[in-house]
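Chemist: Before we start, here is the structure in question, set down as structure tokens.
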């Protein structure tokens, strides 16, 4: 399949916390969909090695959730660096989407973009400057038509690939129930 400018890149990061000045990326996953939100390809799911010092500095919430999911152990045993993750992810994305055309898609992608800008600038530059942020739609629906929210429940696994799949399903739900397209 040739790279298609209409395809969308979906991304999720798991991090040690919310502040890129002190926290680090633990995991990255990407998916590519067509413009109708059909999944075309799954990119590499990469746990990025971080030092024991970085992992120990995580707050209780992150320790609990990333520990329960097994991510902390995957990060400890990983041989992948941030540079490896950048290269593998760009290699994958280049097969499906030309550089600079896809918005960054996902939930709370502004947060992901902050971390990419700090630690994976070359990957952040692969995206268009625009975002398709499912969180924005969710926040509007919660305020304007809260009954609709009862129809979609997130699992909240805090595993990058599963979170992306859930973001796509959530946008499909809003497309069908809110936008009625």
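Here the Cβ of each residue, glycine as well, is placed from N, Cα and C on the backbone.
Grabbed the feature section from Swiss-Prot, which reads as follows:
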type: DOMAIN; residues: 8-171; note: domain 'Exonuclease'
type: ACT_SITE; residues: 129; note: active site
Chemist: When the pLDDT values for the domain 'Exonuclease' (8-171) are averaged, what is the result?
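Modeler: Summing pLDDT over the domain 'Exonuclease' (8-171) and dividing by its length gives 96.
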Chemist: Can you tell me how many other Cβ atoms are located within 10 Å of the Cβ belonging to the residue listed as 'active site'?
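Modeler: Taking every protein chain into account, the count is 10.
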